[in-house]
Amino acid sequence: MKKRTNSRGTPTSSGDALLDTSFSSAGDAERDHPAYKSGAASAPATPTKRRDGSDGSVSSAGARRKRKDEIAQTFVIVNERPVDDISLDFFYKPHTITLLAVSVLAVMYFAFVRNEANVDENLWAGLLCIVFFFLIVSVIAFPNGPFTRPHPAVWRILFGCSVLYLLTLQFLMFQNYPTIRSIFYWIDPKLKNFHIDMEKEYGVNCSDISWDRVKGHLDVFAWGHFLGWAFKAILIRHMGILWAISVMWEITEITFAHLLPNFIECWWDALILDVIICNGLGIWMGLKICQILEMREYKWASIKDISTTTGKIKRAMLQFTPESWSAIRWLDPKSTAMRFAAVIQLVIFWQVTELNTFFLKHIFEMPPDHFIVIGRLIFIGLFVAPSVRQYYVYVTDTRCKRVGTQCWVYGAIMVSEAILCIKNGKELFERTQAINIVLWLTVQVIISVAFVYLAVYWQQRQLKKVSSTPAKTKETIPASSSSPSKGKLSPQKEKKLK
């Protein structure tokens, strides 16, 4: 099957020149930008010896060099995607001297005019200044990753925030539980008055099914659940993987219900409201959005070429939409064992990330609607996008030999959060039922393998149907074009048909 190509025309404005934010393979991106060369690829080419044969084929050394150049350029495209055909140069020039001068002047102003009487405010202002300068450095030095819309600086700042979050987790890992709680109290003193109610009962009176009770469960968190799954579908774009994650998350809730009481749910809440309504409709809507974006024609005009003010405003708003969108294929009938295992690993890592959310909230006693909890969810959701893109290229493109920087940092964040939970939740994990954990891991692996295998099998069947259709058509064409049986048509019609 051929990949559908959606990008039509070459973007000409600074905003338009931004590259494909889809999860298409790095090979497609390389073909779209043949003029861009990585550091290795832009080096002067060493003359290679040619064979004496008339074909003039390149020597094996030249072939190896070409292969290395392809590998280097593939990683550059997925790790720091360039922006071509820029027409508004001002927004894409570095401006490093100006940025340095403005940053230093701003810090000097606030350092001299602010009131320094309050020690807590001094500490908070110092931390904000550290974050500010770190993000400035990230804009200048960090890679923007595989995305460039609305601007590469946005993704560099996001990457800088992820590195700061990772460093914060490393700092918290070397503190004891009371110290960490004191830090949270310093950030928000209201947390002193909040405690997890371990005596509260969940999942009671499951036989009482009424419309009022069902409507009571459809609160703001249910809408968040639905939108979260729609966002996951846009990120992963594979029905089988999404349903594997959905089903296994319900199994995860059952397994860890003895540690997290809020995981206890009635059967109709877990099966109907969660799996079918929230998860199912969210997956359907997310994949539908992807389908619409794949079918859309992407033809960008420079903002300089637009004469009307309304058109310029509309074009500026469209800068926050993808430059193009391509269908992706996590699995195909010829997938290797390593690719098979990589997709299973993606499913399991997704479960760990979801578990970290609930364990962090439970161990450090925060309400579900607290700004730290909400902020972390939004940050993780944004940072997962380039990470999944880089992981997809690493899994599917044989020329990509190492994982992207954002994906590496995300993996470190996921593991650090899990370590922080285990270290500070000793009392909670002492009640862990080992048999439940062993069964959970076993079921995770079995269901992951089963869903991935079914996805490959389904792909094989679809390809067989597509390949068998032309053969059947060829067989039926001669039969339909042959002379009709005698006595059914007049000689004039037979002659016309012949």
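Don't overthink the numbers, they just go from 1 along the chain as shown.
Every residue gets a Cβ built from N, Cα and C, even glycine.
Topology check against Swiss-Prot: Arg114 and Asp397 carry an identical topological domain name and occupy the same side of the membrane.
For the transmembrane segment (437-457), the partner stretch with the most Cβ pairs below 8 Å, chosen from 123-143, 240-260, 267-287, 368-388, is 240-260. Summed and averaged per residue, pLDDT over the topological domain 'Cytoplasmic' (361-367) gives 91. Most Cβ pairs within less than 8 Å of the transmembrane segment (154-174), among stretches 93-113, 368-388, 403-423, belong to 403-423. 340-360 is the stretch from 93-113, 240-260, 267-287, 340-360 with the greatest number of Cβ pairs below 8 Å to the transmembrane segment (403-423). For the transmembrane segment (240-260), the partner stretch with the most Cβ pairs below 8 Å, chosen from 93-113, 123-143, 267-287, 340-360, 368-388, is 340-360. In the topological domain 'Lumenal' (175-239), helix, strand and coil residues by DSSP number 41 helix, 0 strand, 24 coil.
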